[in-house]
């Protein structure tokens, strides 16, 4: 039987220790090309066991938060936090009450590298009577210091550093937070401490050394290096395909890849009927999951009558650039009995080089016949297939 597991992501802090030069809270500073909170939220969104996500933010951060997470706006709930972490957590728990989850993760918004493996290990350890805490053994020698002098060395045996997410049965941790508020107990540094105080047992599991919390300015350097390494290991390369077909009508030229080709017929279409650029536009849109050319430029709209298909291609390209995409290569196959494409291939490649800003070795344009089969074989029209490979920032999700 499946269980319902929610997540509360705490992002209401000001992050003064991280030292932002632009006074931007650290969770909204860029890591790679996306804010830290974007990376954190993504980790929970992509895990199939997480049913509900509550994002607790500072009241002044709603606009910047909504901008940072615009593409996910339907997939999480924003709750305003309080003056302390403990109060913010209670706000998140109270907002979750109507969803009645069985368990809840409570996670620091400034820990962007939580992996599915750790979440799975937590879920496999859950019971209705216990919470789960990921921990790491302390490797440094610990000293108790007073006024810059060492008082004693503290044995490391049985000492661990705590990470988040910390996961709890929902009702007990909500009750613990409510009880702490009632008795004005406000000095807890994490939710595990509240659970301990309330009498809820906490079982530990091995944490992940890469699951760092970005607290100090130097932590950004560590995070950037780790992200770069991850991107090199699992680059987010996406492949899109496009297909288009247009019939012939009377005319004296047609346009392919933006190049005018003399012919005794032209292609019938609402725009200039550049079947090759239409297929390529669809291929590029596919890498963003952005629909097809008809979604953006409906043929029922008279403003696109007889316009150059380069407009459509440049629009798709702008969507790629907004997401930080870079074209790795494009491949177009024109399927036609006539006209012959060979004499115009070089001009087509040069035109695409200009539009796409890529080198010719990343552009393939070729043609084939349909061996006189079907409507293409009968010379009734032209079809085109296109494939595009685009590299986006970030890594491939697990």
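Glycine too: its Cβ is placed from the backbone N, Cα and C atoms.
As given in Swiss-Prot:
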| type | residues | note |
| --- | --- | --- |
| REGION | 1-237 | region '2-C-methyl-D-erythritol 4-phosphate cytidylyltransferase' |
| SITE | 17 | site 'Transition state stabilizer' |
| SITE | 26 | site 'Transition state stabilizer' |
| SITE | 156 | site 'Positions MEP for the nucleophilic attack' |
| SITE | 213 | site 'Positions MEP for the nucleophilic attack' |
| REGION | 238-398 | region '2-C-methyl-D-erythritol 2,4-cyclodiphosphate synthase' |
| BINDING | 244, 245, 246, 270, 271, 292, 293, 294, 368, 369, 370, 371, 375, 378 | 4-CDP-2-C-methyl-D-erythritol 2-phosphate binding site |
| BINDING | 244, 246, 278 | divalent metal cation binding site |
| SITE | 270 | site 'Transition state stabilizer' |
| SITE | 369 | site 'Transition state stabilizer' |
- When you measure from the Cβ of residue 213 (site 'Positions MEP for the nucleophilic attack'), how many other Cβ atoms are you left with inside 10 Å? 15
- Cβ contacts of residue 244 (4-CDP-2-C-methyl-D-erythritol 2-phosphate binding site) (under 8 Å, same chain, 6 or more positions away): 275, 276, 278, 279, 282, 293, 383, 384
- Top of the recorded positions 271, 368, 369, 370 by count of other CB atoms within 10 A is 271
- Task: Whole number in angstrom, please: the longest C-alpha to C-alpha distance across 244, 245, 246, 270, 271, 292, 293, 294, 368, 369, 370, 371, 375, 378 for 4-CDP-2-C-methyl-D-erythritol 2-phosphate.
- Result: 30
- Whole-number Å distance separating the Cα atoms of residue 370 (4-CDP-2-C-methyl-D-erythritol 2-phosphate binding site) and residue 213 (site 'Positions MEP for the nucleophilic attack') is 59
- Message: Between C-alpha atoms, which of these recorded positions comes nearest to residue 270 (site 'Transition state stabilizer'): 26, 213, 369, 375?
- Response: 375
- Counting other Cβ atoms within 10 Å of each Cβ, which of the recorded positions 156, 246 scores lowest? 156
